[in-house]
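Residues or ranges marked as disulfide bond by Swiss-Prot on the basis of experimental evidence: 31-47, 34-52, 38-54. The signal peptide annotation in Swiss-Prot covers 1-28.
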């Protein structure tokens, strides 16, 4: 029973880590893709040090 509980805890911890790692908010978009990336957000695309910023 304790092995099953340990396995369930490991699987849950891995799911939480994957959710944090694959967070789309941390997505880095280059300057070339910046206008398309900001297009649907009604924002003005600017590029600072090679990183896209969508300024509302």
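Glycine is no exception: its Cβ is also placed from the backbone N, Cα and C atoms.
Here the features listed in Swiss-Prot are painted onto the structure.
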{"residue": "31", "record": "disulfide bond", "DSSP (3 states)": "coil"}
{"residue": "38", "record": "disulfide bond", "DSSP (3 states)": "helix"}
{"residue": "47", "record": "disulfide bond", "DSSP (3 states)": "strand"}
{"residue": "52", "record": "disulfide bond", "DSSP (3 states)": "strand"}
If you draw a 10 Å sphere around the Cβ of residue 52 (disulfide bond), how many other Cβ atoms fall inside it, taking every protein chain shown into account?
20
Near the Cβ of residue 54 (disulfide bond), how many other Cβ atoms are there if near means within 10 Å?
17
To the nearest whole angstrom, state the Cα distance for the pair residue 52 (disulfide bond) and residue 31 (disulfide bond).
6
Tertiary neighbours of residue 31 (disulfide bond) (same chain, Cβ under 8 Å, six or more apart):
47, 50, 52
Any idea which of the disulfide-bonded residues 34, 38, 47 has the thinnest Cβ neighbourhood at 10 Å?
47
